[in-house]
Amino acid sequence: MRANDTERNEKEIEIIETMEKFGRYQMLQYFLICLPAVVVTMLNVNYVFVAGEVNYRCRITECEGQYPVYNTTWWPNKNIDRCTRPLVKELTGGTCTNDSFSDAVAVCTEWVYETNDTVVAELDLGCQPWKSNMIGTIHNVGLSLAMLASGWMSDRFGRLPTFILCSVGSCIGLLKVFAKTYYVYVLIELLEATIAGGTYTSAMVLMIEIGGKNNRILAGVIFAYAIYVGETLFALISMYVPYWKNLVMIIYSPAILSILLIFVIKESPRWQLLNNKTKSAKKTLLHVAKVNKVNINNEKLLNMNEENLKKEFNIDSYEEKEGLMAIFKSREMIKRSLVAAFCKFTSGFVYYGLMVNSVYLPGNKYTNFMLASVMSYPGELMSLYLMNKIGRKFPLIYGYLLCGLLCAACGWIPEDYTWLKITVFLLGKLIVSVCYTGVITYTMELFPTSVRGTLLGVCSVSAAFGSMLAPLTPILNSVSVVLPSMIFGITAIISGILLTRTPETKDAPLLDTIEQVEKAYGKARENRQGEDNPGFNKNIND
């Protein structure tokens, strides 16, 4: 009997190790969390094809019937832009011919579209390119608002409720198929993005906190692959379902099923403990131990009080809820927040900037979009290896610097050196993918649990702002073809330099309060001063 007890105790692990072991529980939770992320990603890039450009021409009422077609044999044999209409001179035999038009033109007020595959035809947006472009911009505005609000909601109400609410709520975009006017359409687009965008923030925080410190990078890589799968899947569906209403119904409908996830996804035990939900945290920990088949002392866990359980997970109690004002009172938190926000801005700006500019490569637009997405896949494996092997900070520093140099070099390579230019471009896209994933995990580890969701939301707004500016960079080509690449390069290099001011977080425990951050930073600063001045520690002790 004693031998059996000894054997059982030898296999028994500490309660704190329950969340550190990566087992079936984490695998299943990661998979389930990533399913809505794939769907939401398709929604977040829907405007690329749903509001895409189509060919159109002016409608000549004298020459066309009730149902005009785009291709005609009677269109005049001269170059006329699609925003002006040739004036009819005379009709030959009652019908229009190539010679029926004078040299005079007038401003076009009606258009004939080649297809009705996009909302440009449906909402009659001919010769109003700013309106179709604004659909994407408005979507990204909503995305920014969502990430900011969902970060606060994740900290205040929990990671899981926010995740489910945002995932299910994204199906409001289905209403777009009933929109009859442009302004109703963009209003729905804004509402959809404002709700759906919160899925990213809450999902990423939840995955980081349930995976243990050794699997934070893995969580970031898996989540990034979910985004890339969503982009690739969207391109494939769009290729075979070009009509925008059918496409919208196919990609938005699965979001409704996210409501079922509330029965299988669990809340973060760390958030539960920090918010005094001890009973729920114990229940979650017992479930994790059961699914992962790890042996913990169930009786010890159930009998632990709130304070002892927090100490077990190195969570300090604090009387006051920490918010934005507490962040502004800490110089260390301000510094970390500014560096993280700029790095997130850079990752969004350069990543999507390169993706937008990749469409200028020859070939099918759907294939080009897929190519830009697929190029990110190997970057995640590099990020996983380097950040686990070397650390978080230095791979990001050298990654941003190398990306900046590649982007700048690409702009100066002459068009005649086609393969060299494309190779350097793709290498830049590969490296920024490494940074894009790595900076997600790094920013998570820089912030304490009490304000992690809030600050992640702030950083996500910075990234969204970068992604909003990215589609505007092709306009700079009219000034100089080198300018977009140089801006990408300079931005990335600045990020690399700024990262030298933040600490390494590899193998460091997740801190829970701003006070802990201040203590850890103060201790590290004292150690550095002690190394520089051997008498420093002695003087302090005296």
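Here the Cβ of each residue, glycine as well, is placed from N, Cα and C on the backbone.
Listed in TrEMBL for this protein:
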DOMAIN    30-507  domain 'Major facilitator superfamily (MFS) profile'
REGION    523-542  region 'Disordered'
TRANSMEM  27-50  transmembrane segment
TRANSMEM  160-179  transmembrane segment
TRANSMEM  185-206  transmembrane segment
TRANSMEM  218-241  transmembrane segment
TRANSMEM  247-265  transmembrane segment
TRANSMEM  338-360  transmembrane segment
TRANSMEM  366-387  transmembrane segment
TRANSMEM  394-414  transmembrane segment
TRANSMEM  420-442  transmembrane segment
TRANSMEM  454-475  transmembrane segment
TRANSMEM  481-500  transmembrane segment
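Under 8 Å from some Cβ of the transmembrane segment (185-206) lie the Cβ atoms of residues 29, 33-34, 36-37, 40, 43-44, 47, 119, 123, 134-135, 138-147, 149-151, 153-154, 159-160, 162-163, 165-167, 169-170, 172-173, 175-176, 179, 219-220, 223, 255, 265, 268, 440, 444, 452-453, 456-457, 460, 464, all in the same chain and six or more residues away from its ends. Taking Cβ pairs closer than 8 Å, the transmembrane segment (394-414) reaches residues 343, 346, 350, 354, 383, 386-387, 420-421, 424-425, 427-428, 431-432, 434-435, 438-439, 442, 481-486, 488-493, 495-496, 499-500, 504 in its own chain, all 6 or more past its ends.
Remark: the transmembrane segment (338-360) contacts the transmembrane segment (481-500), by the rule of 3 or more CB pairs under 8 A. Per-residue confidence over the domain 'Major facilitator superfamily (MFS) profile' (30-507) averages out at a pLDDT of 83.
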